[in-house]
Amino acid sequence: MLTQQKIKHDATIFISIVLTLITLGIIFVYSSSSFYALEKFGSPLYYAQRQCYGIVLGSLFFYGAYNIPLSSLQSLSFFIFSSSLALTALPLISHLTKRMHGSSRWVNLFGFIFQPSEILKITTIIYVASFLARKQDQRESFKKGYLPLLCISMIVSVILLKQPDFGCTATILATVLIMLFIAKMNMKYLMMLTSVALPLAGIVVYFQPYRWKRILIYLDPWKDPQGAGFQVIQSLIAIGSGGLWGTGIAQSKQKFFYLPMQHTDFIFAIIAEETGFIGTTCLISLFALFLYFGFKISWQLKNLFAIYMVQGLTILVSIQALINIFVSTGLAPTKGIGLPFISYGNTALACNMMIAGLIMNAAHDFYE
């Protein structure tokens, strides 16, 4: 009974953190995009309104994820994963593709444009969690414990890299590797996989000129301050301008066409400019609490599938937040990864709310 009360308490705190992040997202999407939206669409509320539509869609995703029986989810995990993989491959072979920013990552279906890879992130984690739960007694076997996941990871990587979407590929693979480590899979094979994956990632980056250029600009953005380094430099200027307390909500100067993608990939820089060191510390603390309470919920569960799923999804969101913050602060090369729950983007927001629903489902399934 005491454990049930504890997990219910932790789940309440967890969902409160999620709601706080979503609320901050509305505020800062409006703050960062209002001038740009006014100039481009004639309404300062354009992106903020669409973010609210994303919340409505995300609420439906949350409801569905919260109510699906975990046993059904586990038994259907491979079918769900395969379907989302096929959907992600659709932009490569179909006229339904919507090209944006030089990539074929979006599908235009009945006028609704969405990014299937956002769904693939979740379904991959669900399938890996199901696989690990079923293969507990084969953790030491390469053929039965590692090889199936290795094959699936390669298929996912090839499809995503063809779009191209290196950031999503790296995020999924990093999450899966951490899940394997947590599941106490054979460390010898895990180290072998890591030692192979890292050089391969380096080769993929090196032989794509635009990716290699991002690495060089990451090392020294001032080599091309008006070109490839412009975005990072403007982001650092925004962060530095915030000082301790910030310039105030909606008082950013960098959003006036200085910082590109100020409401998506670089929204953290605008938050830093407007709320300063204090505000960004609070924001980072929220993501740290998201990670902590996600894992705290998982530690109290009994179902192995639920444990691995909750841990994997928590790691997935946390890695994306970390990469976004690192990119904005110049600590990582630029990648098209938004700040979870906050950056503008309906597909990503809806999928992150689905993640929250799945985690709450696991907690509710325990104390019900």
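Cβ atoms are placed via backbone N, Cα and C, with glycine included.
Annotations in TrEMBL come from automatic prediction, not curation.
Long-range contacts of the transmembrane segment (12-31) within its own chain (CB-CB distance under 8 A, at least 6 residues past either end) are made by residues 44-45, 47-48, 51-52, 55, 58, 249-250, 252, 255, 263, 267, 270-271, 274, 283, 286-287, 289-290, 293-294, 297, 340-344, 349, 353, 356, 359-360, 363. According to TrEMBL, the feature transmembrane segment maps to 12-31 (among others).
The transmembrane segment annotation in TrEMBL covers 52-70 (among others). Sequence-remote contacts of a segment are chain residues at least 6 beyond its ends whose Cβ falls under 8 Å from one of its Cβ atoms, and for the transmembrane segment (52-70) they are 22, 26, 303, 305-306, 345-347, 349-358, 360-362, 364-365.
The transmembrane segment feature in TrEMBL is assigned to 76-94 (among others). With a cut-off of 8 Å between Cβ atoms, the residues of this chain six or more beyond the transmembrane segment (76-94) that come close are 104-107, 116-117, 119-120, 122-124, 126-127, 129-131, 152, 155-156, 159-160, 162-163.
Taken from TrEMBL, the feature transmembrane segment covers 106-133 (among others). Within the chain carrying the transmembrane segment (106-133), a Cβ under 8 angstroms from the stretch's Cβ atoms is held by residues 73-74, 77-78, 80-81, 83-85, 87-88, 90-91, 94, 96-100, 148-149, 152, 156, 160, 163, 165, 168, 171-172, 175-176, 179-180, 183, 185, 303-305, 307-309, 312-313, 316, 345-348, 351, 354-355, 358, all 6 or more beyond its ends.
Annotated transmembrane segment per TrEMBL: 145-161 (among others), in sequence order.
What TrEMBL records for 166-183 (among others) is transmembrane segment.
Taken from TrEMBL, the feature transmembrane segment covers 189-207 (among others).
Among the features that TrEMBL reports, transmembrane segment is placed at 228-246 (among others).
TrEMBL lists 266-293 (among others) with the feature transmembrane segment.
The transmembrane segment feature in TrEMBL is assigned to 305-329 (among others). Counting same-chain residues at least six beyond the ends of the transmembrane segment (305-329), those with a Cβ under 8 angstroms from any Cβ of the stretch are 70, 74, 121-122, 125-126, 128-130, 132-133, 167, 171-172, 174-176, 178-179, 182-183, 232, 235-236, 239, 265-266, 268-269, 272, 284, 287, 290-291, 294-295, 297-298, 335, 337-340, 343, 352, 355, 358-359, 362, 365-366.
Tertiary proximity for the transmembrane segment (341-363) is limited to same-chain residues at least six positions away from its ends with a CB under 8 Å from its CB atoms, namely 7-8, 10-11, 14-15, 18, 21-22, 24-25, 28-29, 33, 47, 50-51, 53-55, 57-68, 70, 73, 114-115, 118-119, 121-122, 126, 263-265, 267-268, 271, 294, 297-298, 301, 303, 306, 309-310, 313-314, 316-317, 324. Sequence annotations record features per position, and here TrEMBL assigns transmembrane segment to 341-363 (among others).
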Key: Chain residues outside the transmembrane segment (166-183) and at least six past its termini with a C-beta under 8 angstroms from it   = 117, 120-121, 124-125, 128-129, 132, 139, 149, 153, 156-157, 160, 190, 193-194, 197, 201, 204-205, 211, 308, 311-312, 315-316, 319-320, 323, 335-337
Note = Counting only residues at least 6 beyond its ends, the same-chain positions whose CB falls under 8 A of a CB in the transmembrane segment (189-207) are 142, 145-146, 150, 161, 166, 170, 173, 177, 180-181, 215
